[in-house]
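Novice: The annotation transmembrane segment is assigned in TrEMBL to 21-46, 58-77, 89-108, 114-135, 147-165, 177-200, 212-232, 279-304, 316-338, 345-367, 373-395, 478-500 (among others). Per TrEMBL, the feature domain 'Major facilitator superfamily (MFS) profile' maps to 24-505. Marked as region 'Disordered' by TrEMBL: 519-572. What TrEMBL lists as compositional bias 'Basic and acidic residues' is 530-543. Here TrEMBL flags 560-572 as compositional bias 'Low complexity'.
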Amino acid sequence: MTRTDPAAPAAPADAHARRTLLLLFITLMVVMLLASLSQMVLSSALPTLVGELGGAEHLAWVITAYLLASTITMPVYGTISDRVGRKPMLLVAVLLFVVGSVLGGLATDMATLIIARAVQGLGGGGLMVLSQAAIADVVPARERGKYMGVMGGVFALSSVAGPLLGGFFTEGPGWRWTFWMNVPLGILSIVAIIVLMRLPRPEQSGKARIDALGMALLAVATTGVVLIGTWAGSTYAWASPQIIALAFGTVVAGTLFVLVERRAAQPVIPLHLFRSRDFVLATIAALLVSVAMFGAIGYLPTYFQMAGGATATEAGLLMIPMMGALLLTSMITGSVVSRTGRYKLMPVLGTVVLAVGLGLLSTVTVATPVALIGVYIGVIGVGLGTSMQILTLVVQNAFAHREVGTATAAHTFFRQVGGSLGSAVVGSVFAARLASLLAERLPEGADAAGSTSSLTPQLVQSLPEALRVPIVESYNEALIPVFLVMVPIALLAVVVMLFIREVPLATTVERDIPAESLAEGQLQGGRDGSAADRAGDAARDAAAEPARSTQLIGGGRRLAPGTDPADAPAPR
């Protein structure tokens, strides 16, 4: 009698799962490329762009408008996609991003450009959140590190190619192509999403209810925070009626938001997430790191062109050390976490390195060799590559699978708030200091050579030395000291990370999380976290267990229904 190996049917199933994952991953990389490449392409074109449109004083808003819009929509995408699925929401995000790109390509003034960037941000928020949540849908936490490391590598790669493309467009067909290029990329992303993306059906099936009031209050509160960071101390005094009224309105909107979310059927940010200690700590740490990161590096290409005399292409090349280091370390970090299951040390060490890099960058002068600046920003890249992706993994590992999208979106929301705030504050301080320094140093009548609000790199380099040197020195002194201010912010993030608990990473795509997390009260089962809700969730999970106990990927293993993951053989 011939015996049949019961494990034999698993091989074709494993191969199918890997093919499905590969196609999904290709799609997500195209989506990530669309979002990240657009951001970095614009960085090299920014000085020429604002100079031609005559709005150097509004430079910060070209960056902040995108960050603010994307930040506000992130929790919305996460919550709705948990109900209707990631695929339709990704399509909506790509379409909005393409519409914003078309508006940007047609812009003839700064107001239109800023609006276009905001529309891009409405889509960009979904691109960033949903690509991370989709990975969590099919990859267990233990294996997720290496995939998120590769996703971080895609971001780093596009960050190298982006400034180079931005320089090519600026010096060639024109800066508008930094927007037009997103149209074919967007079409490619839509085709990839429709044809290649295969994801499990959402657990929280049913009609998604839009928490419109919560969204509106969240938008008002977030905008208020960013406006205070932008205007206070520069446009208006801290004690001015405008700032006081803005602060009061922000507090009122924030308070009303909390009250509304406590009663909403499908809250945009469920308040029970904040009962997880690791969610709170990882989110605070990510917010602080983002303040330092966006505040510091967002204006480096502008500095290289205006103070260093680099062309747009050369400014892109000067960013390669940072992005190359970020690419390498994010992939190494993800691989190490997947192999060892240990993750806490990585973001701690990475943020310490980030603080060191920011401190080194604060010593730069107009006479500092370019090679040395490259080393400094390479150190920053090492720090970012070792820390940012792992903090998202910490959050995802703290919740059951059904809430991964919502938790990821909420975490990314607060991280983007930090980025928006850092970009706004640095941009505001930079613009105010620059205007003051130029007014002090430029001789009377210097505006005859061109308005300081319309300065472009080409114009600065063509000016006589009596005008060029004060402008270059003013750019250096307006921006470089800001890097030193970011050092204690990064170190504060390190202190917060020290209190994160290291919970074993799941080795299957389960609806439950590790027992250690349950014992510590990290999982909040329902909207209000009540015992009844948690009991009901547990009953539903138990009823659906046979369909949930199969992992899609993870060392080629497949668990039989009802098998305790702890009893399964260790992955090789």
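Every residue, even glycine, has its Cβ placed from backbone N, Cα and C.
So where do these features actually land, and what's packed around them?
Specialist: Beyond the ends of the transmembrane segment (58-77), by six or more residues, the same chain brings 39, 42, 46, 49-50, 89, 93, 110, 113-115, 117-122, 124-126, 128-130, 210, 215, 218-219, 222-223, 226, 230, 268-269, 294, 298, 302, 406, 409-410, 412-413, 416-417, 419-420, 423-424, 426-428, 430-431 to within a C-beta distance below 8 angstroms of the stretch.
When Cβ-Cβ distances below 8 Å are used as the criterion, the transmembrane segment (89-108) is approached by residues 31, 34-35, 38, 53, 77, 80-81, 115-127, 130-131, 134, 176-180, 182-183, 186-187, 189-190, 193-194, 197 of the same chain, each at least six residues removed from its ends.
Within its own chain, the transmembrane segment (114-135) has Cβ neighbours under 8 Å at 24-25, 28, 31-32, 34-35, 38-39, 58, 61-63, 65-74, 76-78, 81, 86, 89-90, 92-101, 103-104, 107, 144, 147-148, 151, 179, 197, 199, 392, 404-405, 408-409, 412, 416, counting only residues six or more beyond its boundaries.
Counting residues 6+ beyond its ends, the transmembrane segment (478-500) has Cβ neighbours under 8 Å at 277-278, 281-282, 284-285, 288-289, 291-292, 295-296, 299, 303, 307, 344, 347-348, 351-352, 354-355, 358-359, 361-362, 364-365, 383, 394, 422, 426, 429-430, 433-434, 437 in the same chain.
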Novice: Going through 21-46, 177-200, 345-367, 373-395 one by one, which has the most CB pairs that fall under 8 Å from the transmembrane segment (279-304)?
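Specialist: Comparing 21-46, 177-200, 345-367, 373-395 against the transmembrane segment (279-304), the winner is 373-395.
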Novice: So which residues does the transmembrane segment (177-200) touch in its own chain, when a touch means Cβ under 8 Å and the partner is 6 or more beyond its ends?
Specialist: 20, 23-24, 26-27, 30-31, 33-34, 37-38, 41-42, 45, 49, 85-87, 90-91, 94-95, 97-98, 101-102, 104-105, 116, 134, 137-138, 165-166, 169-170
Novice: Let me know the model's mean pLDDT on the domain 'Major facilitator superfamily (MFS) profile' (24-505).
Specialist: 82
Novice: List, by number or range, the same-chain residues at least 6 past the transmembrane segment (345-367) whose CB is under 8 A from its CB atoms?
Specialist: 285, 289, 292-293, 296, 307-308, 329, 333, 336-337, 373, 375-388, 390-391, 394, 472-473, 476, 480-481, 483-484, 486-487, 490-491, 493-494, 497-498
